[in-house]
Amino acid sequence: MLGCRGGAGVRSWLTLASGLVECLCFAGAVFGWASLVFVLKTDGYFSDLCVNSTATNETWRTDCSRQDEQFSLIFTIASFMNNFLTLPNGFLFDHFGTTAARFLAISVYTAGTLFIAFSSAATSILLFPALSFIAVGGILFLMTNMQVGNLFGAHRSTIITLYNGAFDSSSAVFLIIKVLFEGGVSLRASFVFLSICSVIHLLRTFFLLPRMHIPHPVPKGYTYGVRCGKSKTYSLDGAGDVKKRGNIPSDGETEKMSIRAEDPSDSPSIENKEASFRSCFLSWFFLWHLIWLSVMQLRHYLFIGTLNPMLSRLTNGDPGLVSKYTNAFAITQLCGVLCAPWNGLIMDRHKGKPRPPGQSEQEADLRSAALSLFLTALQCLAFSICATLPILSLQYLSFALQVLNRSFLYGGNAAFISIAFPACHFGKLFGLLMALSAIVSLLQYPCFAVVKELLNGDPLYVNIALTLLTLMAFIHPLYVYIHCRRLAACREKGDKITSNTF
């Protein structure tokens with residue numbers, strides 16, 4: 001075991017690296033659903049829903065639209081649970097700490113992988129709880145890992161976005177399972193192996209993460225992990241100054257996170273005080289950020305959930321071409337971990353540079369966030385246009401824009417919450433945002449039903465409607481930009497302002 005003082009730096013880097021591996025190899029596997037669907041169809045899951053029908057040229061064909069509908073429903077429920085249950089999980093994380101949250105994550109994730117491992121075509125119904133458990137456990141892994149960014153203050157946003165990029169890239173896990181399946185490795189063997197890997201999650205929980213939380217900013221002498229003896233713990237007073245609380249075991253500490261005061265009146269001239277959760281929830285920042293996240297997330301979920309039938313339509317049902325494009329989509333997901341840090345660098349670009357007199361660090365962070373939010377909305381618009389055009393070869397560009405935009409979307413989401421709101425409410429606000437956006441994401445199933453029942457399988461008009469809907473995402477960066485301009489104007493006039501407004 002590393003010494004608490006001499007090994008603190010090494011432990012921080014081990015925590016960062018192991019967390020990256022955990023997010024990359026496990027956390028977002030559920031979003032590789034398109035690759036897993038290919039395997040499940042081959043194994044005969046829900047094959048009893050396929051029926052013989054007559055084609056327009058009087059030839060017989062197999063109609064598996066009900067099978068596709070069932071797979072779409074599984075992904076809709078899993079993606080909803082992935083987001084909606086982040087709300088109670090956020091409260092659990094804020095109030096009971098990292099260890100309790102990770103025990104829940106490990107339990108449900110392992111249960112999900114075991115359900116798939118021991119399922120079969122005869123027990124296809126097990127896919128419903130299995131995928132939901134994997135989704136919920138995965139998002140909890142990500143939530144407990146994002147606090148690692150606090151250990152690297154100047155690069156905090158970069159690390160948060162890096163972890164979210166790794167979360168996106170982990171969807172390639174199901175591609176690996178698909179490739180192994182085609183090479184003769186059974187679905188059961190692959191998921192049993194994923195279940196055994198839960199031992200790794202347990203070891204990280206005990207040795208490389210705190211029992212409660214990693215504070216921001218990290219106080220001098222802060223340690224975490226087992227056998228670190230006693231160390232100083234700290235809280236922040238109302239003015240944001242660090243005060244020593246005394247000596248207690250570091251893994252049992254209940255440190256108060258750094259806070260920023262907020263005022264519901266949205267006035268730029270307020271006193272520095274702790275913001276309530278209610279004032280954060282009722283702020284314009286929260287509302288516009290929710291809309292920004294929800295409309296783009298809905299676009300991504302519908303694309304992923306309907307990718308297999310879309311490719312079948314564009315390839316005229318050629319299984320070889322469907323497999324080829326499915327593999328291409330899954331491979332591009334690996335690039336998420338490479339794309340996401342660029343968003344973090346955009347948000348951290350002012351770090352280390354002198355700020356204008358009177359400009360707070362939070363105001364500088366918000367200025368950087370406005371650019372990040374705008375670029376993310378622009379990427380989503382470009383991705384949606386490409387996905388709308390029914391040109392098969394153009395889907396390669398759709399795949400590239402999709403992974404770039406997803407890595408910016410979720411990394412920017414978490415980073416903005418950590419910038420704009422008090423850190424003591426991070427888990428609750430992150431969970432509430434994901435839960436509310438999950439309700440919006442349920443619209444993907446009615447959209448799929450409209451395409452199937454009313455549009456004869458042609459998603460063109462639904463895609464056009466979603467493209468127009470993504471234009472609402474541009475409201476959020478515009479509001480943040482105007483807010484920063486107003487703060488700058490007040491500072492020039494000499495009005496009293498703090499970094500604690502939203």
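Glycine is treated like the rest: Cβ placed from N, Cα and C.
Between the stretches 71-93, 324-346, TrEMBL puts its transmembrane segment entry on 71-93.
Among the recorded stretches 12-39, 71-93, 187-209, 368-391, 403-422, the one sharing the largest number of Cβ pairs closer than 8 Å with the transmembrane segment (100-119) is 187-209. Residues 15-16, 19, 22-23, 26-30, 33, 40, 45, 74-75, 77-79, 81-83, 85-86, 89-90, 93, 98, 101-102, 104-113, 115-116, 118-119, 159-160, 163-164, 167, 170, 201, 209, 213-214, 414, 418, 427, 430-431, 434 of the same chain sit 6 or more residues outside the transmembrane segment (125-148) yet have a Cβ under 8 Å from a Cβ within it. Remark: the transmembrane segment (429-448) contacts the transmembrane segment (281-305), by the rule of 3 or more CB pairs under 8 A. Counting C-beta pairs under 8 angstroms (sequence separation of 6 or more), the transmembrane segment (160-181) fails to reach the transmembrane segment (281-305), with fewer than 3 such pairs.
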